[in-house]
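K.L.:
Could you have a look at this structure, given as structure tokens, before my questions?
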Amino acid sequence: MATGGGAEPAEFSVHLGKDTTVRPITAVRAALTAAAVTIGLAAVPGVASAQTPVPCSADDLVSAITAANASPTGDTLSLAPNCVYVLDDSSGPLPTVTAPISIFGNNATVTRSPSASAFRIFDVDTSGTLTLNHLTVSHGDATGDFGGGIRNFGTLTVVNSTVTRNTADFSGGIGTASGATTTVLFSTVAANSAGINGGGIASDGSLTVRHSVVSNNTAGEKGGGIASDGTLEISDSTVANNTASGPTGVGGGVATTGGGTTTLTNTVVRDNSATNAPGGLDNAGASTTLTDTTVTGNLPTNCVPTPVPGCPD
């Protein structure tokens, strides 16, 4: 089981039909792919600097992150193109990130072996800064905890990447602790599951999602796609086909709690579902603003409580 990540919170406080098939949203993904090309490597921290190549071996990836953590300036790692780095009980989980580390994936995948013990893929400490680019993160398992694919206590940026088929109690794909910052750009978070809240992403800190797709994720209670108890900004993105499937499930697309602030701009929240209203956006105590945003086709309703300004119901 992965350890580290600073002091454990007493509880991850986001009191945030199951189908885990990834269904690409073709038109949206095509637009995002074209747009992503324009940002260039220089826009991603560390990618334009000298890179340390990492051979196609889980043990080599573990060693490279260990060495980067030991460097005062961290490192930029370049993974073997299209490699599948399989973490098992021999390699163990990846070391907790405690330094500035950028990983240029070259379309590689980092995944947990189905036969391995349960552990998440990436863990970012309060002192750590992790940037992932052109990488797939899959099959992490943080059952009983949060952040099945990635747990973040520090600073996390996910660019041109896919987080898929990870599981946890909270935040099956990506979990952001209070005081941490997560940014998701030109990426897909799909087919992740959480037993309680935040099937795709759950955040107690600051979460920004831009030019991305959050789809086909499942939570037991709140936020099949995204659950937030902090600051949430979603822009130029699609949140679709997510589910809050448990007996008390609400907010199949997005669920907000507490006194956080939520802003959706030029975003589509569609075809999400929950056991109880709403299926689209559950606004439970947050200050929520919708601008040029469409919330439609969610079941049993689009938004609760009503009215959510800019939401049809």
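Just so you know, glycine gets a Cβ as well, placed from its N, Cα and C.
Model, not experiment: these values are computed from the prediction.
Pulled from TrEMBL, these are the listed features:
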{"type": "COMPBIAS", "residues": "248-261", "note": "compositional bias 'Gly residues'"}
{"type": "REGION", "residues": "242-266", "note": "region 'Disordered'"}
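Are these features on the surface or tucked inside, and what touches them?
P.N.:
Sequence-distant neighbours of the compositional bias 'Gly residues' (248-261) (same chain, 6+ residues past either end, Cβ-Cβ under 8 Å): 13-16, 197-198, 219-232, 234, 239-240, 242, 269-270, 272-288, 295, 298-299, 304.
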K.L.:
For the region 'Disordered' (242-266), how many residues does DSSP put in helix, in strand and in coil?
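P.N.:
Split by secondary structure, the region 'Disordered' (242-266) comes out as 0 helix, 11 strand, 14 coil.
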